[in-house]
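Report on the following structure.
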């Protein structure tokens, strides 16, 4: 051990020389510089998440001055010795950077979106938002360093003072970086000012002499021209004051025709309380003209089973608008002030995202304000469409709907909710609409953004689907449609069949003379009632075929012509409106029967004078099937929870952006894009008043031929069909099982087009009848009978 220790003590470790240490440090610096240059290269071009993250970390410190900072860092890494020889250059650059940081930070907090926000917190929120999403999108000002510099300066000198101080820093820094001396600069400005004063005095004297000479020459020329013009051209001749020559009339300049390029302020149109109504004109099929009068025996053909007993309505009086309550007009003067601020915010937001666009026009509607934006040439429309969430954030709005582009205009519409919603009452809408007494099915639906009343004619539609979530205004809209028709039509002109499985929405209309039968609330009865309407449609077509007409208008024209030439009077066929308040409940109970009836009515009922209004609060594909949508082309969408529901109703997004409370998108059959409307509000008291008035005019006269009859409890309990004794599909299911020698609920669903509940009950009935055996776990059931 002693020898080993002595050996260790005997060894001497060699210390590196200064040159070697300097070389090692140089190698380390070079490796570090290359590594940093490699990282900064990714940051400069924002390559991948690493590049974006490093770039955002630099932005966190110096904001949008990341590029100058990166280049300065590269120079420092690779030119350290050169920088040591130019201390003034380094100091000037630092002062210039401080001035730029202050300028950028002052500009950031001059924007409307950043006012009244904490300086440091607001800056960090912007950068961390981009950092978390791996993007570089928002303007970050001067970053954390700029915020620290801006806080005391803005506190002492305000935001404008920060701009001025930042400018002084910039000038001072640039001066220090330049090779000039202070005295040289002062002498330069002094000499330049002296030369400018001398030149200014010379130009002033020269202009004075030229004006004096021109004035004398002009006076002399005008006198000579006036003397000659009095004799040769009359007293009204035009004279050029510079040359003294007489001008022709064709040479005179009309200042009114001068079209200068003047920048105009955006036009702001306030919400009008009494705009002109704008109706969707619909052409009702005209009555066919015929010179041959129908024979009396043809009009009384008993084989057609049509009731021609005249029913008098001489004492029936149509309801007046006084039955509906008035509403106090809303003062929306506050909205105009907000609109001006929002226009500025919109344009600043577009600028921050690098989009050149100006707000050309703003229309204040009852519930939303529509800003019409003109994008510059070369700006893609989808760039504005993709900013919906960012615009909602900048405007502090609940939601923003973008219409890109506006149909018929080279503009993009941005719809922003108002701070206060102006209620549109049914009375206000009715008084402002251009009502046509001869169009019984024309209904004022709501007000557009510009305040105009939009109406639709159900005869043109000819069927309407109304869908929206609970509380969005769907039932109120249906009540408004019914009230509009009741205001125009007598009981002999229009009949209603109302189906209300919820039993609370349409029951108030019971016992009015316009009803064919009492309001149907039983879902099983509803499917049978719809089948009765289909039978009525077929009967009417047989009637049209017998008399050689194509539609109800032609038939009623023949009846009217017959009544003028015959003592026996007949009544024309009334229009029939079928209203279903909750389609989803019917589809759950008898989907196949209800869907078949709706499809047949949708395809053929228009010419027969039968129209449908289908309402549902569950706009899913199992309720609104593809066949139903194909045969009900006109849609009204209220607020829904998702874009999927909106596409189910309208075949496009948009309804998920609505506000509720009557805010709707109306897409009629003759328009490619939906129109946003604010629906009218009709209260329960208004409905009760008009119903009471109508009941006083006439009593209900129900038609027993449309009565669906009684439904047993067993029928009610069966979801998609009847019991084992009365189920019409039992024999079909039995034949199918015996033919295939297989039995399963899924097979019955596919082959018979029934729901799962009904298929399961059919399996139970087949088991009770001894056709199939009992269930054996996961094994298929045995078929006990053969074909």
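Each Cβ is built from the backbone N, Cα and C atoms, and glycine gets one as well.
As stated in Swiss-Prot, the feature transmembrane segment covers range 92-114 out of the listed 92-114, 184-206. Summary of the ATP site environment: with the site residues 471, 472, 473, 474, 475, 476 set aside, the chain residues having Cβ atoms within 8 Å of the Cβ mean position are 468, 470, 477, 638, 660, 661, 662.
In this structure, the binding-site residues under consideration are 471, 473, and the one with the smallest number of other Cβ atoms within 10 Å of its Cβ is 471. Cβ neighbour count for residue 472 (ATP binding site) (all protein chains, 10 Å cutoff from its Cβ): 25. In the structure as shown, the Cβ atom of residue 476 (ATP binding site) sits within 10 Å of 21 other Cβ atoms.
DSSP assigns residue 476 (ATP binding site) to a helix in the three-state reduction. Minimal Cβ crowding within 10 Å, among the binding-site residues 474, 475, is found at 475.
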